[in-house]
Amino acid sequence: MKIVRAEVFVTCPGRNFVTLKITTEDGITGLGDATLNGRELSVASYLQDHLCPQLIGRDAHRIEDIWQFFYKGAYWRRGPVTMSAISAVDMALWDIKAKVANMPLYQLLGGASREGVMVYCHTTGHSIEEALDDYARHQELGFKAIRVQCGIPGMKTTYGMSKGKGLAYEPATKGQWPEEQLWSTEKYLDFMPKLFDAVRNKFGFDEHLLHDMHHRLTPIEAARFGKSIEDYRMFWMEDPTPAENQECFRLIRQHTVTPIAVGEVFNSIWDCKQLIEEQLIDYIRTTLTHAGGITGMRRIADFASLYQVRTGSHGPSDLSPVCMAAALHFDLWVPNFGVQEYMGYSEQMLEVFPHNWTFDNGYMHPGDKPGLGIEFDEKLAAKYPYEPAYLPVARLEDGTLWNW
């Protein structure tokens, strides 16, 4: 089953998405997501200039061989651009293989391990009162796992905050220059336990409570934070410190039993090997779009299962609905599943990407349509051209550049 065409589309129906479409000689198509927030054109170029020409004439069934060819054959292995491109190819080929088999992808992977995929939502507020209102709204929607972020008194900007009340959170700023935000660790450490206390006092412990620290703390600060919030029984604290120094997580582990989730910026099993092997984390947050597609994520999840580490894949709406569809199939199958991030998509985005998944009372299901169960409206996508946008950068109050 030869590949005859491989096309790359960059569209911005509210956010920039990079979509790969592979077509076989039989007319069967597969979709893959290659979106890399703020660096979309780099991945699109890598695909268009290097991978797509080398896909033509290959057997679409040989997914593993193609994965290895693009990973080892590039010589310059790993990295977010290379791996996002490989991920899109892999995703599209699995879409094709499942369509040929006339079954949804999760069945091809080995069948469902659960009835539905528990997803967690994002709640925010510029004050504790606003955050509690947003929490209540998502609780009414049926979410069983809820991430909560909140504005911090004395800080003009805080990670996870929308530009205005009632608006969806959008971190990237359109234009040619990233927004600069200020950060104060001490103000954060002093305030955030008050938010969790307010949530638990008002809503109790029925929902799983999550929080994203977004790489902002040093290891000892993260240990202090984790210890200070143990009474609130967090589902996890996410990205407490930059993970390049993986040994530092041992220090955090020594001081707190608050579960740790890490990995949204990882793009291969080698990025998380030590963290998993030494059981320094509880959830691995690698995503299909950045960590090698279905093929790459299977390796990571299988390895993690040996050490009782569960998946908690990154999945905000700066990854396209194609990734979300693929992730739900993967999540329904993978034995050591934990939770799936789900921000939701605008109506405009979903018109470009007609989908087959469903949400019911805190759980999602990918549907039983053959393949990924998602489509791509090329004509509509063409009406939304690429718009430059960049993720923010953070500075301490004295002007020092910090981790965003």
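Cβ atoms here come from the backbone N, Cα and C positions, even for glycine.
Under the DSSP three-state reduction, TYR159 (active site, proton donor/acceptor) is assigned to coil, being neither helix nor strand. Annotated active site, proton donor/acceptor per Swiss-Prot: TYR159 (among others), in sequence order.
Sequence annotations record features per position, and here Swiss-Prot assigns active site, proton donor/acceptor to HIS214 (among others). Cβ environment of HIS214 (active site, proton donor/acceptor): TYR159, GLY160, GLU238, ASP239, ASN403, TRP404 lie under 8 Å away, each six or more residues apart in the same chain. Under the DSSP three-state reduction, HIS214 (active site, proton donor/acceptor) is assigned to coil, being neither helix nor strand.
Neighbour count (other Cβ atoms within 10 Å of the Cβ, all protein chains): 16 for ASN37 (substrate binding site). According to Swiss-Prot, the substrate binding site annotation covers ASN37, HIS122, GLU264, ARG285, HIS314, ASP318, GLU341, on the basis of similarity to another entry.
Under the three-state DSSP scheme, GLU238 (Mg(2+) binding site) falls in the strand class. If you look up Swiss-Prot, you'll see ASP212, GLU238, GLU264 marked as Mg(2+) binding site.
The number of other Cβ atoms within 10 Å of the Cβ belonging to PRO316 (site 'Important for activity and substrate specificity'), over all protein chains shown, comes to 18. According to Swiss-Prot, the feature site 'Important for activity and substrate specificity' maps to PRO316.
Residues ASN37, HIS122, GLU264, ARG285, HIS314, ASP318, GLU341 make up the record's substrate site, and a Cβ search at 8 Å around their centroid adds THR287, GLY315, PRO316, LEU319, MET343 from the same chain. For the Mg(2+) site, the Cβ centre of ASP212, GLU238, GLU264 serves as reference, and the other residues of the chain with Cβ at most 8 Å from it are MET213, HIS214, ASP239, ALA261, VAL262, ARG285, HIS314. Taking a C-beta cut-off of under 8 angstroms and a sequence separation of 6 or more, HIS314 (substrate binding site) has the following same-chain neighbours: GLY263, GLU264, ARG285, THR286, THR287, HIS290, GLU341.
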